[in-house]
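Q: Below are the structure tokens for one structure; questions will follow.
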Amino acid sequence: MNDINLFLAKLTYTSAKLTILPEIILILGLVAVVVIDLLSKGKNTFLLYKISMVTLLASAVILLWQWGFFTAYERSHARDFGNIFRFFLLICSLLSISSSVDYILCSKMSLAEFLLFKLAAGLGGMVLSCANDLVTIYVSLEFLALSSCFLSGYTKRDMRSNEATMKFLLMSGASSSLLLYGFSLLYGLSGGQLQLDKIVDGIIFNRYGSIIYLSAAFTTAGTAFKLSLFPFHQWTPDVYEGSPTPVVAFFSVTSKVAALALFTRLFGLIFPYFSNEWHVAVGLLATFSMILGNLIAVTQRSVKRMLAFSSISQIGYIMIGVLSADSGNGYASMITYTFIYILMNLGTFACITLFGLRTGTDNIRDYAGLYMKDPVLTFSLVLCLLSLGGMPPLSGFFGKLYLFWHGWKAGLYSLVLVALVTSVISIYYYLKIIKLMFTGKSGRSDTPLNSRQNSLVSLSISISKNSLEIAMIICALASTLSGIFIDPIIEITRNTFF
């Protein structure tokens, strides 16, 4: 009996120390999806969906257990930061898969391929969030980017989707090239080091200061592409509009969260002694992102293009949290608002996915009179849009309040003032949709777009009758309730300064 207890204790300790166990579980899930799809010849779709959800849940549970173990025995701020973003990526994958199944079945596409690429993208993002060397960072970033690119072109017969894929692939390749060149400069300046902490030691007393600035510039440009920061945002509206809506929902949060973790780790660990210089540069990018994103979003007629420009402005707000980090609060304001943004954005995209399945359109004018047809969808979309706009008492308001207050304390007065003004502008185009849903007259019937979708409704019901509605309601409620429980969230995210 004592031997069994000793064995179990050793197994528990070994599992807790194996920090990549959540990623290993995801890899096993990937293999299981591929093997079962081959054996069943694509017929057992419910089992594939079930395996994906169980894999993500198991990975999240293991991650939380390991996090609690390390918190109790060996505290590490860098590990806390990585674990938070790994958990965020698992949440993104869970909610996006549950809100995508109906769409994929109605599109008559292979569910196995879709789940494979989503799990692969989540895996790449998780590895990227805690990577400590340049090689792992680059490989995991490309893994995430290629998986997202394949998802973007998932509907192969759609010309808009093919165009979006080509733009995404070209721009992603260009940004990766810039980032790789920045890494090569860091590698040379540090004397051939790959580990981030050793690179810092190698460049502190380096005499080639101008090359260090050049490396920081290329690194900023490469990560700004992934974040859709001005002026590296040009690909975002076209890719958002052309890609399938559930795919846009997925990489609008997944790629942003992973790239944000990368940006923060690189500049927080490698360039802390040049903070004045890169703070000015990133502050300018954030300012123009907030102004441009909100002003152009006002003029859009497509909901997906509007949300694309909205996401550009949102990442500008989040940059305030990155620039205002300190040893007392860490990156608490940035992480807190990122978590709230995930819920708001996924909830909004779940609503427009459901609307698109019924009408086949994403034109803002077609939302007229939606309240009379589907009150649940209408109120869910209202909650998510108002939260994105920062209206009280929703979570977006409390997230922005904490973010802007933290930025004001850090002396980022001009950035905070711009953020406040542009937040007011954003409320206008969100309220425009809300007003249309309640007061407009609809001329479009609330039925699926074509007979092919009609024939697949029964198949969709057998697999995931309410998965999209459930994901939509969960995100809508979370967009409200997470603001009420914001204090515990802030407390968890405080010890994250490198």
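Backbone N, Cα and C define each Cβ position, glycine as well.
On a predicted model such as this, the values are computed, not experimentally measured, just so you know.
What Swiss-Prot lists as transmembrane segment is 18-38, 51-71, 87-107, 111-131, 134-154, 211-231, 244-264, 278-298, 306-326, 337-357, 379-399, 411-431 (among others).
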Q: Return the stretch with the most CB pairs under 8 A relative to the transmembrane segment (111-131), choosing among 51-71, 211-231, 244-264, 306-326, 379-399.
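A: The stretch with the most close Cβ contacts to the transmembrane segment (111-131) is 244-264.
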Q: Would you kindly list the residues that approach the transmembrane segment (211-231) from elsewhere in its chain, counting only those six or more residues past its ends and only Cβ-Cβ distances under 8 Å?
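A: Apart from its flanks, the transmembrane segment (211-231) reaches 141, 145, 171-172, 174-183, 185-186, 189, 203, 255-256, 258-260, 262-263, 266-267, 271, 274, 277-278, 281-282, 285-286, 288-289, 292-293, 311-312, 315-316, 319.
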Q: With a Cβ cut-off under 8 Å, give me the same-chain residues at least six positions beyond the ends of the transmembrane segment (411-431) that come close to it.
A: 283, 286-287, 290-291, 293-295, 297-298, 300, 306, 310, 313, 316-317, 320, 323-324, 385-386, 388-391, 400, 404
Q: Cβ under 8 Å to the transmembrane segment (244-264), counting only same-chain residues 6 or more beyond its ends: which ones?
A: 81-82, 85, 88-89, 92-93, 96, 99-100, 103-104, 107, 118, 121-122, 124-125, 128-129, 137, 141, 144-145, 148, 151-152, 154-155, 161, 223, 226-228, 304, 307, 311, 315, 318, 322, 331, 334, 338, 341-342, 345-346, 349-350, 352-353, 356, 362
